[in-house]
Amino acid sequence: MIGKVVVSVASILLIVGVAIGVVAYINKNGDANLSPQMKAVRGICEATSDKASCVKTLEPVKSDDPNKLIKAFMLATRDAITQSSNFTGKTEGNLGSGISPNNKAVLDYCKKVFMYALEDLSTIVEEMGEDLNQIGSKIDQLKQWLTGVYNYQTDCLDDIEEDDLRKTIGEGIASSKILTSNAIDIFHTVVSAMAKLNLKVEDFKNMTGGIFAPSDKGAAPVNKGTPPVADDSPVADPDGPARRLLEDIDETGIPTWVSGADRKLMTKAGRGSNDGGARIRATFVVAKDGSGQFKTVQQAVNACPEKNPGRCIIHIKAGIYREQVIIPKKKNNIFMFGDGARKTVISYNRSVKLSPGTTTSLSGTVQVESEGFMAKWIGFKNTAGPMGHQAVAIRVNGDRAVIFNCRFDGYQDTLYVNNGRQFYRNIVVSGTVDFIFGKSATVIQNSLIVVRKGNKGQFNTVTADGNEKGLAMKIGIVLQNCRIVPDKKLAAERLIVESYLGRPWKKFSTTVIINSEIGDVIRPEGWKIWDGESFHKSCRYVEYNNRGPGAITNRRVNWVKIARSAAEVNDFTVANWLGPINWIQEANVPVTLGL
């Protein structure tokens, strides 16, 4: 059937979200004697994780208009996070001068991330406006920000090492976590409702509130591809369009959803001073020999403008930069490129075990708090060693991160993919325990995963995803067309040291391995439980079409899914897992979605 289907967001909310919720509520409770206001409230709250809290929050709102109810819920969530932030500050004050360096560091970090959460919630409320008909294709971006708001709160708790303090803060911020969780559920219901009607968010016309019927084009096929090749550089790419993993990857290896201007930057920023530095004009140049504007990377970051609509381009010339680099939240759209991942190296030694006043989040050699970060031909290293325990090489908290041809070297917690949507291609990442971990939607393609030798008696786990809410949040790690191999120092003991593809850090941990070569360094069981927890019973672990001695699945744990068809992993392709791409459409840049 050809033709337009015109329907507003509010209509979807009211007809599908609210109506289905009310029917479900009435069927369950047998009570049809509800006021219009309570019908709307019960309908909206039916899909939330904590219905009682949701209803209690919305009961005082004297309206049955979904626009006003959902807006009121967001404002209540913002108020709750303000209270959580105040509670954290008060707790730090109550500890007085006797507070330990680690507790002070983590509480200061908590105050910072609560500030980030409040900023994002204020943006959400502003973007929502007074009429939900106007949010159109913003729905998924709002949901992405809400996911970040939730993650900021869990970041605070995850970084607290002391049990008593974690319990105190956990109880103090419980209300804001519940409200944020419910807010995510409400937005998830909206998106799911549109899916039930076979409508797509990106089809919304913001000015009219209407949408077109969805395209009938099929999903891009998943190709087996070829394994990457390890050398002194990051992993070599397969040649030619016939070997593209997805229709969303062009002949340069860059996703088509990256804007035209950024694609040019990625293409021009080649390895070596005779290639990259000469081909694009950097905003700032960093050089240890004084030939640039700055001698440290942090100085260049500090010089970049805040809330930049364009790109701040930093060329880091060859050299080892022994510094910790922090990119604040307002320093968005920074693009760093070096002269080679082994030539331009940012290195630092900071760890939870050996550095007083350090948390996992604060241990990162490079810490990216901002959106739109890009990097190419740079090495990121934490030199704390296995005795340092958690020691992050890079932590990326910002949405829309794109990283190519880089190295990440460390031991425990090397690559912290902690928030937003992140895409990595042709990287090398090495480590021991949970060395690719976080709470983001991340795809790593055509990369070399190197399992290292840690402390005596220590096991290795490649991944540790932190999804706490399941399908309502798009959080999970995807490794596609990668190679998983032992480091040279581990090779002789690779069959003795226990190494696994991952373990579930949180209740709904999500990790997918697709079209990858898995060496015999990985044990036949494949995956490990998180000691003391039952997260393996609810996690979502999937393997599809892998190869190599470590990919044999007949002895796998019984809680991993072995997919037999491409359709079973289609949700985890770049197009689906890192989309929708409305954030590029809103920026009015060229984008190719399909063929």
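Note that Cβ sites are derived from N, Cα and C of the backbone, with glycine treated the same way.
The annotation signal peptide is assigned in Swiss-Prot to 1-24 on the grounds of sequence analysis.
For Asn86 (N-linked glycosylation site), no same-chain residue 6+ apart in sequence has a C-beta under 8 angstroms from its C-beta. Under the DSSP three-state reduction, Asn86 (N-linked glycosylation site) is assigned to helix. Positions annotated as N-linked glycosylation site by Swiss-Prot, on the basis of sequence analysis: Asn86 (among others).
Per Swiss-Prot, N-linked glycosylation site is recorded for Asn206 (among others), and the stated evidence type is sequence analysis.
Per Swiss-Prot, the feature region 'Disordered' maps to 215-239.
The compositional bias 'Low complexity' feature in Swiss-Prot is assigned to 227-239.
Around Asn349 (N-linked glycosylation site), the same-chain residues six or more apart in sequence whose CB sits under 8 Å from its CB are Ser355, Asn382, Thr383, Ala384, Gly388, listed in sequence order. The N-linked glycosylation site annotation in Swiss-Prot covers Asn349 (among others).
Residues annotated as substrate binding site in Swiss-Prot, with similarity to another entry given as evidence: Thr360, Gln390, Arg503, Trp505. Counting every protein chain shown, the number of other Cβ atoms lying within 10 Å of the Cβ of Arg503 (substrate binding site) is 26.
According to Swiss-Prot, the site 'Transition state stabilizer' annotation covers Gln412, on the basis of similarity to another entry. Counting only same-chain residues six or more apart in sequence, the Cβ atoms lying under 8 angstroms from the Cβ of Gln412 (site 'Transition state stabilizer') belong to Pro386, Gly388, His389, Gln390, Ala391, Gly431, Thr432, Val433, Asp434, Phe435, Gly454. The DSSP secondary structure for Gln412 (site 'Transition state stabilizer') is strand.
Sequence-distant neighbours of Asp413 (active site, proton donor) (same chain, 6+ apart, CB under 8 A from its CB) are Thr360, Ser363, Gln390, Ala391, Val392, Gly431, Val433, Asp434, Phe435, Phe437. The feature active site, proton donor is assigned by Swiss-Prot to Asp413.
Under the DSSP three-state reduction, Asp434 (active site, nucleophile) is assigned to strand. Positions annotated as active site, nucleophile by Swiss-Prot, on the basis of sequence analysis: Asp434.
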- Task: Over all pairs in Thr360, Gln390, Arg503, Trp505, the listed substrate binding residues, work out the largest Cα-Cα distance in Å.
- Result: 18
- Task: Specify the count of other C-beta atoms within 10 Å of the C-beta of Thr360 (substrate binding site).
- Result: 25
- Item | Nonlocal neighbours by CB distance (under 8 Å) for Trp505 (substrate binding site), same chain, sequence gap 6 or more | Asp434, Phe437, Ala464, Asp465, Gly466, Trp530, Phe535
